[in-house]
Amino acid sequence: MSKRTSRRTSLGQWGRDLGLGIRLAVGGSRISGTSIVRLIMGTVGIGLAVAILFGAASVGNMLSAHEQRNAANIPSWQPRPGVDPLLMSTASSTIGDERISVSWIHPSGPNAPLPPGVERLPGKGEMVVSPRLAEMRAAADGEALRQRFPQREIGQIDKYQMTDAGDLLAYVGVDATIGAESSAMPVYGFGRPEMSGNETAILLTLLSIVGGIVLLVPVLIFVATSTRIAGAERDRRLSAMRLVGADARQVRRITAGESLVSSVAGLALGTGLFLVLRPLLDNVRLFDTTILARDLQPSPLLALITVVGVPLLAIGTALFGMRRVVIEPLSVVRKSKPVKRRLAWRLVVVGLGVASLLSAPVFDEGEEMWTFAVGVGATLLLIGVPALLPWLVERGAARVSGGRPSVQLAIRRLQVDSGTPARVVAGVAVVLAGGIALQTGLAAAEADDKYRPARAAQETISGQVTGAVADQVVADARAVPGVTDVRAGRYLSVKGAGEKSGTSVYVMDCAGIAQRYQTDQCVDGDAFTVVPPPGSRNYGRDLRPGEQVRVVKYARDKEEQIATWTWPQPKSTLAQPPGSRSGYFGPVATPGAVRGIPLSEVSATLEIAHDKRPGVISALQAATAKYEWRASFYDPSSYVSKDERMYTTLRNALLAGAVFTLSLAGLSLLVLALEQVRERRRAIAALFASGVPRGVLSRSLVWQLAVPMALGVVVAIATGIGLAWLFLRLVDEPVAVDWPGVGVLSGAAVILVLLSALAALPALRSATRLDALRTE
């Protein structure tokens with residue numbers, strides 16, 4: 001027989017054996033209810049895994065599309081032939097606890113560029129807004145927004161061309177007087193080739209890696225566990241096939257065919273789930289980023305790997321589970337003396353993960369190699385949990401002897417087969433390790449937000465005003481109900497002879513200086529020097545008494561001198577009071593000390609104190625809406641930073657992910673408990689007939705699950721805290737363990753064990769009936 005004929009015969013035999021396995025899985029005349037349950041659970045598990053993998057394979061395309069839109073929205077100030085510049089001044093403010101970006105625009109000619117997503121430039125009294133801002137403005141409670149933006153809405157920005165579809169963005173048309181302002185920049189187009197702002201991409205990439213592992217490992221363990229359902233029936237069926245002439249290789253191919261059914265069905269289910277859920281995720285905000293359904297396109301290569309790899313993995317899992325099973329014509333024999341597990345390769349996995357994370361500081365933070373090192377390190381450390389747990393359970397069970405009868409029964413069972421319970425518990429352990437690492441990282445990040453208490457207690461609104469209208473804005477702000485005081489300050493840019501960088505002089509009245517620096521030794525005309533606290537760096541320089549400097553302003557990146565001035569003799573030095581949020585160190589002057597300098601050409605910063613009544617910021621913004629681009633305000637006490645929103649989102653996502661994965665792990669534990677009772681049915685009946693109380697047998701079932709779970713919790717806590725420490729050392733943050741969170745997650749694991757044991761008690765009671773001793 002030629003090699004070609006032999007190969008054809010071999011392939012044909014493979015096809016026939018796989019086909020027989022498929023028919024037995026779905027079309028057997030005596031298919032049992034438990035076999036159907038196994039098929040359904042396997043299909044659901046693989047379907048979930050495929051849906052998650054398709055989602056993870058879409059992250060790269062989603063981030064790439066986001067960065068492309070970000071680059072397309074960057075204004076270009078380089079002159080272009082035949083293009084009339086669009087004069088634009090952009091300011092950020094707040095709406096409630098969110099930030100809004102308002103661009104005041106005026107075309108200098110008919111060929112002015114259009115911002116991305118805008119069909120027509122708004123004229124004076126008109127505006128174009130983002131869809132979310134339009135929705136908020138049109139809502140029943142949007143009266144404050146309508147007062148703040150009384151302009152006529154002539155259109156909405158195309159959300160598919162915005163950097164983020166959920167951004168609050170407005171383009172407001174103004175007259176040509178904006179051209180005289182230094183803040184107005186001439187824009188000749190939009191879009192730059194370089195990508196900018198990749199912090200979100202890095203964070204999402206790292207979180208998708210860690211989160212993907214935390215989600216996938218329990219799912220894959222769930223798939224593997226589902227193959228144990230109706231295992232005894234399958235073994236009897238395979239023995240019957242051996243009896244009618246099938247060899248051992250054919251039996252394994254038939255087993256692979258049975259697994260192929262749930263694999264293909266799960267692949268179809270997962271694809272359907274992804275396609276059904278994708279439209280539902282449109283406009284959902286995650287990690288302060290709005291998801292667009294059309295961006296959720298799996299990478300072709302990763303999608304192909306998923307389509308091919310998931311069925312192969314399921315088949316491989318089934319075949320791997322039979323590696324120590326000998327199918328004989330009349331029975332199934334499981335090798336009773338397992339090979340002693342080796343520790344070396346398991347430690348290598350953990351060691352490589354630690355080494356990868358320790359090597360990350362070698363690279364620049366945020367670059368591809370840094371992201372790769374951190375991602376690989378976190379992946380290997382989390383994979384180390386299911387790698388170490390079977391070895392620990394085996395060694396722990398081997399060293400235990402004596403104890404109560406229920407403990408002895410459980411330990412003896414673990415000594416015979418510790419791998420399966422350990423692998424099932426590993427799903428819970430990975431969830432715990434990932435959850436503890438994320439909780440610890442969140443606790444450290446929140447603890448590091450030093451300004452949050454000060455911001456929460458702050459009773460001032462900050463504002464930025466052009467110098468020409470500063471006095472009018474101050475007067476209007478003082479007339480707003482709830483405003484108790486208004487302080488204005490200006491930063492003068494000054495340069496000495498031949499100096500390129502220069503320094504700043506902060507101009508403020510004596511009342512403001514007294515409040516900020518806690519001094520009562522001030523009269524108009526005085527000057528001071530604020531010294532930095534120990535360990536802080538002064539980025540400017542101190543001026544010498546009598547030094548003559550040039551006062552300059554900047555308009556469209558061009559320097560313009562507005563006055564010359566002589567720095568007087570400082571009256572004294574001032575220090576920052578403890579807990580102050582002001583980071584300014586250097587020269588400070590009162591208005592009387594800067595006479596002769598046209599302060600109307602220097603923008604002012606306002607600090608507006610209020611009595612905390614609701615709606616003060618909205619009333620202030622409405623009262624100053626007539627100043628358009630010349631005045632903007634935001635409330636630091638109500639503004640929730642991007643990091644804070646991300647903390648909240650992460651915590652909610654962590655909770656949802658933990659509930660999902662722990663539920664799957666609980667199902668896996670329940671399947672394990674039921675199958676252990678089914679496999680040991682005759683032994684349990686014999687023990688009960690010999691006088692062993694049913695309570696002892698029930699407690700032994702609890703111990704069989706509790707011992708691996710206890711070891712898994714210990715490994716998970718150590719791994720989670722270690723992973724968090726390795727993460728936090730990359731950003732020089734101390735470890736702040738969220739022990740209540742650790743306790744909640746660990747308690748959930750304990751509850752899973754108890755619930756699984758309770759759910760298996762009816763099966764145990766059934767197994768203790770004397771008719772279970774009957775044999776053929």
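Glycine is treated like the rest: Cβ placed from N, Cα and C.
Sequence annotations record features per position, and here TrEMBL assigns transmembrane segment to 39-59 (among others).
According to TrEMBL, the transmembrane segment annotation covers 201-224 (among others).
Per TrEMBL, domain 'ABC3 transporter permease C-terminal' is recorded for 212-322 (among others).
Feature annotation from TrEMBL assigns transmembrane segment to 259-281 (among others).
Sequence-distant contacts of the transmembrane segment (301-322) (same chain, at least 6 residues past either end, Cβ-Cβ under 8 Å): 42, 46, 49-50, 53-54, 56-57, 60, 220, 223-224, 227-228, 252, 255-256, 258-260, 262-264, 266-267, 270. Annotated transmembrane segment per TrEMBL: 301-322 (among others), in sequence order.
Remote same-chain partners of the transmembrane segment (343-363), defined as residues 6 or more beyond its termini with a Cβ less than 8 Å from a stretch Cβ, comprise 369-370, 373-374, 376-381, 383-384, 387-388, 391, 722-723, 726-727, 730. Annotation source TrEMBL lists transmembrane segment at 343-363 (among others).
The feature transmembrane segment is assigned by TrEMBL to 369-393 (among others). Outside the transmembrane segment (369-393), and at least 6 residues removed from its termini, the chain residues within Cβ reach (under 8 Å) are 202, 205-206, 209-210, 213-214, 217, 221, 341-343, 345-346, 349-350, 352-360, 362-363, 414, 418-419, 421-423, 425-427, 429-430, 433-434, 437, 707-708, 711-712, 715-716, 719, 722-723, 726-727, 730.
Summarising the annotation, TrEMBL assigns transmembrane segment to 422-445 (among others).
Taken from TrEMBL, the feature transmembrane segment covers 653-674 (among others).
The domain 'ABC3 transporter permease C-terminal' annotation in TrEMBL covers 658-766 (among others). On the 0 to 100 pLDDT scale, the domain 'ABC3 transporter permease C-terminal' (658-766) averages 80 in this prediction.
Within the chain carrying the transmembrane segment (701-727), a Cβ under 8 angstroms from the stretch's Cβ atoms is held by residues 354, 357-358, 374, 377-378, 381-382, 384-385, 388-389, 392-393, 396-397, 406-407, 409-411, 413-414, 418, 421-422, 424-426, 428-441, 444, 669, 672-673, 676-677, 735, 737, 742, 746, 749-750, 752-754, 756-757, 760-761, 764, all 6 or more beyond its ends. Marked as transmembrane segment by TrEMBL: 701-727 (among others).
Annotation source TrEMBL lists transmembrane segment at 739-764 (among others).
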